[in-house]
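Remarks on the structure that follows.
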Amino acid sequence: MDLIVNSLYSNRDVFLRELVSNASDALDKIRLMAVQDAKEYETGTDLEIRIKADKEAKTIVIEDTGVGLTREELVNTLGTIAKSGTAKFMEAMKEKHDANLIGQFGVGFYSAFLVADRVTVQTKSNKDDKQWQWESAAGAHSYTIREDAAGDIKRGTRITLHLKPDAMEFADANKLQSLIKQYSEFISFPIKLWVSSSTPEQVVDEEATAKAQEEADKKAAEEGKEAEKVAPVMKTEWKEAQEWRVQNDNKPLWVRSPKDVSKDEYDAFFKTTFREFVEPLGVAHFNVEGTIEFSSMLFVPGMAPFDQDRQMGKSRNIRLYVKRVFISDEFVEDLMPRYLTQQGLPNYEFDEDLMPRYLSFIKGVVDSADLPLNVSREILQENRVVRLIRRQLVKRSLDMLQEIADREDKKDYEAFWESFGRYVKLGCIEDADNRKALAPLLRFASSACKAEEGLTSLADYVARKKEGQAQIYYLAADSRAACEASPYVEALTSKGYEVLYLTEPIDEVAAQNLQEFEGMQLTDVSREDLQLDDSEEDKKALEVATAELKQLTDYMAKVLGDKVEKVSVTNRLTDSPAVVVASKFGWSANMERIMRAQAMGDARAAEYMRGRRIMEVNPQHPIIQSLKAKVELESREAKEQVQLLFEAALLAGGFMIESPRDFAARIYSMMEGASSAGSSSGSGSSSSSASSGAAPTVDPEVL
């Protein structure tokens, strides 16, 4: 018995769930039998479960008014481990009715030995005139059955648990109350717990009244008056009382038809069940029938939890019920895709089957009789039913999010995106099957919208695109300001193209996985071969400029060596003289920055994944024209200026420079040269002015 109990159950709190479930089954049986024969109710019509803890006696008593057991049934069920009375009853009723009973393995009763070193069962069945008592101890190899002389049970079963010394915490009514609320809150029969309550009562404070009377008499004597009787002084005393109190008043809303449930009821259920204080942004309530049957209610919270970063690691937002009996909330990836939970998920019992992590922020309940649990009801076993339930939950969740996005009042979706936008982006990375449904939910900053105007959707981008535009342009950086000041967007914005600004670390990876939206490719403007839908004249002008600057670009490629793959002429720049772009494959400047910041980053992998760099120059810029002339004259300054121009372009594009010291040295050298030239010029001008007596000439400032 010890082997069975301790190997099946990892949490001894579940003993109450198992025993209450058995009691519920017994009540279900008598109710079903009474439908066929009303005489079954002659021994009582009250169907209820009563639980009482006694700290002094160190016991817990669980009693039901269910079907009860005969002596033969005691031997067959409790005398044989894994012999299920429920399973046998269901076999008998299979062709007649669905009894909808839970315990089919016959081991739930033995969970009592998780907390008890001795268990006594008293039971009375309508099929037997005698009341019987079964008793056994933990670790024992035998049990005893005898006629119970008490004979105080009309019908039903009473289980007395004699608690182990280390299980005395369960003798507290508050502890039992919390377990009932957690596991058995929605059992269809009333669960009554014996509780103590204190009620205030106003009584006369004799001592205070006597003192007040004494002071009144003394004052009357001093004034020569006749003393009057003072009003009694009252005090509050708390009167202790014990009573049976129902613990499962809440009704399971999910078993009702959605059209019969009001918004106030949804809100109250959400706040009570999930300890929330803000109304949900959306609700999805549905019942699935067919090859599988289950009921579910899903909620989008009105605000993100304070520990949101930790929540992605372990979500307890979906509560799993099997026929209204709570089983677990420790699953993440089984019913929802991973992109709505965060990274590095531990492997919990239900993680692999029910909830993908990108939907882990969604809260709700799932109640199904078809879920394939193991014997202890702690492990969800993978099968076709689980996959079907998962698919339904994901679909309903995404439909619910789209409904919020489509509302006229955009504040609801703005609140959702601010709290849970990262989850949707994670879904684009991890859930390839649902990317098409997730794409319309994405929101990004845009060059077409001011910061105060908020974010834009991909659908709005497509609606605003230029005629003939075939790509959706985006730039990833660490802030909107960095995107707006980036040389990568100069020509695009000047020509009227809209650019999406991706400012969160996850954005770039999400865009790369999404790849396209409504037939338009998502294009990173920080990479080579940027297509701008140029006219034939623009293309011809670029070819001419490339030919004119060939000597310069070859020289620059020679000076820079293996720092760049090549140097080319571009038309993507308007104000900047040059820019460094990443190749089509490998990390962009933004991704390189992010990966460098990883605490556990692999330097070798970073070197391998770093994209090849290409330097592009602006043929119209004065600096490039000046550098072209110096190269043609074989000036000694050209080499240093090429190095300086390359490093400046790296910084402007968001790359890291390999040697900040060398870069600083070049800047200082340039400043010294400018200073020396200025001093020489100033000295010569002064001498000339002094000799001629004329006023000094002031050179115009070049901007």
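Cβ atoms here come from the backbone N, Cα and C positions, even for glycine.
Annotated in TrEMBL:
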BINDING   E18, N22, D64, K83, S84, G85, Q104, F105, G106, V107, G108, F109, T157, R377  ATP binding site
COMPBIAS  674-695  compositional bias 'Low complexity'
DOMAIN    11-167  domain 'Histidine kinase/HSP90-like ATPase'
REGION    210-229  region 'Disordered'
REGION    674-703  region 'Disordered'
Binding-site residues (E18, D64), the one with most neighbouring Cβ atoms at 10 Å: D64
Per-region confidence, the domain 'Histidine kinase/HSP90-like ATPase' (11-167) (mean pLDDT, whole number): 83
Residue distribution over DSSP helix, strand and coil in the region 'Disordered' (210-229): 14 helix, 0 strand, 6 coil
